[in-house]
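The ATP binding site annotation in Swiss-Prot covers 96, 97, 98, 99, 100, 101, 102, 103, 104, 105, 106.
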């Protein structure tokens, strides 16, 4: 395979945890970031252009996450002592940052897949996955961004990665309620307790089993019961005003809902058109009561994952 002068990769956003699948499940959704690479003449340097989300503050130097992923894959292909060529990197971002929709995972996966595509790379997706985990340690976002669908993952006792992917039917719509207030992953992590009660662990374990079956069997009632949590949501929901009450009322309306990733967004799964109005009204009401604006994304599952779209 020869090197290419120009590549463009599409990578989906993700919603991790889905309630009971804390740190082990995630789903890819059809909101996309795009990474374009173009090789430049030697001496041109690295040029990074950012469009869309984060354009005002995303790093445009070698600290950029996409560049770090590109550099890592290049060294994996050619060796650690080889100089990385000069590049023009264009990022078109649609995934909101710091909202629990996998923006960091999308950046790293996009950079890695684009580099493998450009630089004569024959690394498998599994090999790329291991590489990107060194930059982004959350497999629950990385795996669905790379492969698409619903992914379930674990780390074996021998410290090996293991995961499986389930294609998700596209009948169900996801409404993502995105409050206009950031929540860093670090702050969301710090809110978690050091120990959990045995009953809370059992609560999640029983629902995580059913959560996978609910998606496989298109069982909406089962999804409502299983998309629930006692390990992280009770603590994180208190970090954003109105979030706790909103989650309770959406679920109380019979709609499966969970904090997306570390938050602060909420992922709701709809089976009927009428439910969309309920979710939007509740989202506006609960956040506006605290002076927080909210945005809504109507999405569907993405079963393809990251892929080249320039041939």
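Here the Cβ of each residue, glycine as well, is placed from N, Cα and C on the backbone.
Residue 104 (ATP binding site) carries a helical DSSP state (H, G or I).
Cβ atoms within 8 Å of the centroid of the Cβ atoms of 96, 97, 98, 99, 100, 101, 102, 103, 104, 105, 106 (the ATP site) belong to the same-chain residues 13, 95, 261, site residues excluded. When the binding-site residues 98, 106 are compared by the number of other CB atoms within 10 angstroms of each CB, 98 has the fewest. Among the binding-site residues 96, 100, the residue whose Cβ has the fewest other Cβ atoms within 10 Å is 96. Taking each of the binding-site residues 102, 104 in turn and counting other Cβ atoms within 10 Å of its Cβ gives the largest count for 102.
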